[in-house]
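Undergrad: To start, I am sharing the structure in question, which I have written as structure tokens.
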Amino acid sequence: MEFGLSWVFLVALLRGVQCQVQLVESGGGVVQPGRSLRLSCAASGFTFSSYAMHWVRQAPGKGLEWVAVISYDGSNKYYADSVKGRFTISRDNSKNTLYLQMNSLRAEDTAVYYCAR
């Protein structure tokens, strides 16, 4: 019984640590093809300026697709071929926020977008 209580406590402790990292996306919407949208991702619970950050997306009925990555200081950016020249990833380390500017949107860009560390 003593072992069981210790195990439950350990699980609760680990879950608490995981919950300290928060990434909250905003800015999505429904737009016509050819229009623009800007997504934001507010980060907390870790030193944002120390990490490269990614955007990934999941289209309806499909798997996850990597979209873009930006280095910790914003000096390097890489994009999936499907969005290159249309999407721009950026960050503001003073605001702990990641951005994705999406221009010339297409029907195939329809997806749930996630930021990831």
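Heads up, the Cβ atoms here are built off N, Cα and C, so glycines get one too.
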Undergrad: Pick from Cys19, Cys115: the cysteine that Swiss-Prot pairs with Cys41 in a disulfide bond.
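TA: Disulfide pairing in Swiss-Prot: Cys41 with Cys115.
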Undergrad: Taking the Cβ of Cys41 (disulfide bond) as reference, which residues of that chain separated by at least 6 in sequence fall under 8 Å from it?
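TA: Within the chain, Cys41 (disulfide bond) has Cβ neighbours under 8 Å at Leu23, Val24, Glu25, Ser26, Met53, Trp55, Thr97, Leu98, Tyr99, Leu100, Cys115.
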